[in-house]
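**Student:** Have a look at the structure that comes next, please.
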Amino acid sequence: MSPWQPLLLALLAFGCSSAAPYQRQPTFVVFPKDLKTSNLTDTQLAEAYLYRYGYTRAAQMMGEKQSLRPALLMLQKQLSLPQTGELDSQTLKAIRTPRCGVPDVGRFQTFKGLKWDHHNITYWIQNYSEDLPRDMIDDAFARAFAVWGEVAPLTFTRVYGPEADIVIQFGVAEHGDGYPFDGKDGLLAHAFPPGAGVQGDAHFDDDELWSLGKGVVIPTYYGNSNGAPCHFPFTFEGRSYSACTTDGRNDGTPWCSTTADYDKDGKFGFCPSERLYTEHGNGEGKPCVFPFIFEGRSYSACTTKGRSDGYRWCATTANYDQDKLYGFCPTRVDATVVGGNSAGELCVFPFVFLGKQYSSCTSDGRRDGRLWCATTSNFDTDKKWGFCPDQGYSLFLVAAHEFGHALGLDHSSVPEALMYPLYSYLEGFPLNKDDIDGIQYLYGRGSKPDPRPPATTTTEPQPTAPPTMCPTIPPTAYPTVGPTVGPTGAPSPGPTSSPSPGPTGAPSPGPTAPPTAGSSEASTESLSPADNPCNVDVFDAIAEIQGALHFFKDGWYWKFLNHRGSPLQGPFLTARTWPALPATLDSAFEDPQTKRVFFFSGRQMWVYTGKTVLGPRSLDKLGLGPEVTHVSGLLPRRLGKALLFSKGRVWRFDLKSQKVDPQSVIRVDKEFSGVPWNSHDIFQYQDKAYFCHGKFFWRVSFQNEVNKVDHEVNQVDDVGYVTYDLLQCP
């Protein structure tokens with residue numbers, strides 16, 4: 001296997017237990033978007049596994065009937081199993097165990113010739129999972145690096161920019177490196193060996209449940225436990241609970257015990273809930289008010305009505321139509337499903353399945369015995385479901401394993417080694433002598449090197465305008481009454497720590513307040529939400545983001561999906577979706593691989609990864625001199641590159657290092673014949689390049705589809721109106 005292929009941490013979660021009987025005989029159903037591999041026979045599973053990990057030739061999977069015995073013997077030797085050559089119970093158990101997705105090798109191994117040429121390694125946490133609080137994720141990664149720093153002369157410094165040696169990213173499905181994740185319990189994580197570009201980076205599948213290895217981590221608020229996390233399971237009035245509950249209370253506020261036995265210890269806290277606080281919006285973090293009025297209708301729970309992005313929200317007064325005050329409802333991680341076809345939704349109890357009512361998660365209907373729930377009240381009619389939270393995977397252990405790969409280590413055949421390909425949870429110091437021998441073979445022994453300043457900042461960038469999230473000052477009064485008392489009033493509002501960034505935009509109709517971020521640069525002629533984009537002569541910027549064409553103008557934007565019958569969405573406040581941005585933009589661009597979104601205004605650039613922003617950064621940092629006053633647009637190329645345009649010139653731009661090649665600058669007409677040299681919006685849409693000037697666009701089809709804009713001049717194939725032909729205005 002080429003060392004340039006990423007190391008895929010694959011979870012083959014095919015349980016061997018059968019579902020509990022529903023009637024006399026268990027009834028099994030096909031769940032929408034479920035893993036098909038769960039229906040494989042043992043032999044089919046073994047054949048697929050042996051082929052995937054290099055033990056059999058591709059010809060055997062093409063229909064040639066050959067014995068599996070030689071391949072099984074190799075597998076058993078590699079995994080230190082009894083070498084029977086048979087598909088016995090121990091071998092099947094190993095096949096069903098979480099593991100990395102690369103062919104296995106012998107005792108401690110390193111990627112030949114691949115190691116860092118310096119011992120002061122930098123890393124950047126590009127984005128976060130919502131499964132754990134950010135400080136816990138930061139701590140898990142720091143501890144994972146420290147494992148290797150304890151036994152080798154290596155230091156690890158966290159930085160806040162893409163110049164880092166190791167870029168850490170959470171992603172789902174196709175996340176930008178050409179090696180997509182496949183949802184819950186498939187590929188768990190992967191990393192690349194040392195080197196430039198994507199080499200050395202570590203990616204984690206955000207469809208998994210990340211924990212400390214012992215179940216979901218739920219921080220608590222108020223109560224009498226000083227913010228200690230929930231302890232699952234816990235006992236209350238003799239009954240065991242594996243999630244937050246409202247039992248024992250008459251105000252509907254979910255709570256949990258922070259020890260194993262509430263009946264004995266009496267320690268508790270309140271779980272994240274809209275009854276305690278809301279996130280973002282314009283309600284100043286106040287809790288939801290139920291019921292509330294929206295568009296003349298009464299709501300007694302959080303809703304997604306009026307939104308196109310699926311985020312749950314509520315009013316923070318009794319009447320949204322009158323007061324226009326709202327916030328977003330906190331996520332209930334303990335009750336949020338993973339996988340299935342409703343990832344991120346909440347379990348709905350009770351729900352109906354095969355005519356029977358369920359008030360808790362069940363394994364009925366499944367051959368693998370895994371717990372699941374419906375996310376609507378009736379699975380039989382809606383077919384919406386997901387897996388209930390399980391113990392999750394230790395982010396610390398998986399990260400320590402992946403960072404071993406990022407430092408140059410391959411897999412070990414020693415079962416006790418951290419670099420052994422099969423995942424297992426363990427406590428204490430995770431390194432085995434085999435791991436230590438491997439890392440010291442690469443980097444030697446001895447004390448840590450003297451620290452040297454990294455090439456990028458080691459302090460987290462601060463927002464350029466006051467944040468819009470709710471205040472972090474604790475309330476003056478904390479409820480300390482235990483859950484059995486059942487007070488009639490809700491706990492005092494206000495979380496004790498900053499909430500994570502929230503969703504975008506306001507419920508329809510949108511708030512009338514101007515943007516609160518970047519307000520110093522806002523246009524003096526603010527666009528009215530009622531204005532029709534078909535009346536806009538020239539847009540500030542146009543870009544394809546998340547499959548939708550975005551049209552920006554004076555701090556607002558519209559979204560257009562090119563689907564038959566799909567309505568134009570918006571207007572939305574730009575500052576609600578991307579709070580750090582100014583009101584006026586010059587251009588925007590989404591990296592098709594990493595899904596990072598680049599924004600340009602004047603001589604500044606912002607880069608959004610999900611809800612995390614880097615910037616503003618000066619164009620000087622990109623290698624562009626003062627003569628470049630703005631960026632007109634970017635077009636993607638292969639291998640993490642793009643073309644960057646300004647004033648009739650074009651540069652080659654590296655999307656990871658965020659640097660232009662100063663030797664690459666040429667005139668636009670050398671690559672694109674017939675387009676306006678002074679185009680103000682340049683973007684790619686549906687694999688074609690668009691150059692806009694005034695009300696018109698010039699569309700270019702690439703002549704060289706393999707290398708896009710290499711070697712051949714690309715010709716204009718259409719000229720049209722932005723509003724009539726792109727926005728499809730009447």
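Glycine too: its Cβ is placed from the backbone N, Cα and C atoms.
Below are the features I grabbed from Swiss-Prot:
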DISULFID  Cys230-Cys256  disulfide bond
DISULFID  Cys244-Cys271  disulfide bond
DISULFID  Cys288-Cys314  disulfide bond
DISULFID  Cys302-Cys329  disulfide bond
DISULFID  Cys347-Cys373  disulfide bond
DISULFID  Cys361-Cys388  disulfide bond
DISULFID  Cys534-Cys729  disulfide bond
DOMAIN    225-273  domain 'Fibronectin type-II 1'
DOMAIN    283-331  domain 'Fibronectin type-II 2'
DOMAIN    342-390  domain 'Fibronectin type-II 3'
REGION    442-529  region 'Disordered'
REPEAT    536-581  repeat 'Hemopexin 1'
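Help me see these features in their spatial surroundings.
**Tutor:** All protein chains considered, the CB of Cys256 (disulfide bond) has 29 other CB atoms within 10 Å.
In the three-state DSSP scheme, Cys244 (disulfide bond) is classed as coil.
Taking all protein chains in view, 29 other C-beta atoms sit within 10 angstroms of the C-beta of Cys288 (disulfide bond).
Using a 10 Å radius centred on the Cβ of Cys329 (disulfide bond) and all shown protein chains, the other Cβ atoms total 26.
For Cys373 (disulfide bond), the same-chain residues 6+ apart in sequence whose C-beta sits under 8 angstroms from its C-beta are Val337, Cys347, Val348, Phe349, Phe351, Tyr358, Ser360, Cys361, Thr362, Trp385, Gly386, Cys388. In the three-state DSSP scheme, Cys373 (disulfide bond) is classed as strand.
Its own atom aside, the Cβ of Cys361 (disulfide bond) has 20 Cβ atoms within 10 angstroms in the protein chains shown.
According to DSSP, Cys729 (disulfide bond) sits in a coil region rather than a helix or strand. Non-local neighbourhood of Cys729 (disulfide bond): Pro533, Cys534, Thr723, each in the same chain, at least six residues away, with C-beta under 8 Å from its C-beta.
In the predicted model, the repeat 'Hemopexin 1' (536-581) shows an average pLDDT of 84.
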**Student:** Which number gives the other C-beta atoms within 10 angstroms of the C-beta of Cys230 (disulfide bond), all protein chains shown included?
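**Tutor:** I get 28 for this one.
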**Student:** Given the disulfide-bonded residues Cys244, Cys314, Cys347, Cys388, Cys534, which one has the fewest other C-beta atoms within 10 angstroms of its C-beta?
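**Tutor:** Comparing Cβ neighbour counts within 10 Å for the disulfide-bonded residues Cys244, Cys314, Cys347, Cys388, Cys534 gives Cys534.
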**Student:** Quick check for you: of the disulfide-bonded residues Cys288, Cys302, Cys314, Cys329, which have their Cα within 10 Å of the Cα of Cys271 (disulfide bond)?
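**Tutor:** Among Cys288, Cys302, Cys314, Cys329, not one has a Cα sitting within 10 Å of that of Cys271 (disulfide bond).
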**Student:** Within 10 Å of Cys230 (disulfide bond), Cα to Cα, which of the disulfide-bonded residues Cys244, Cys302, Cys314 are there?
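**Tutor:** Near Cys230 (disulfide bond), where near means Cα within 10 Å, the disulfide-bonded residues are Cys244.
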**Student:** May I ask you to report the DSSP-based helix, strand or coil state of Cys314 (disulfide bond)?
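**Tutor:** In three-state terms, Cys314 (disulfide bond) counts as strand.
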**Student:** Between Cys271, Cys302, which of the disulfide-bonded residues has its C-beta surrounded by the fewest other C-beta atoms within 10 Å?
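**Tutor:** Lowest Cβ count within 10 Å among the disulfide-bonded residues (Cys271, Cys302) is Cys302.
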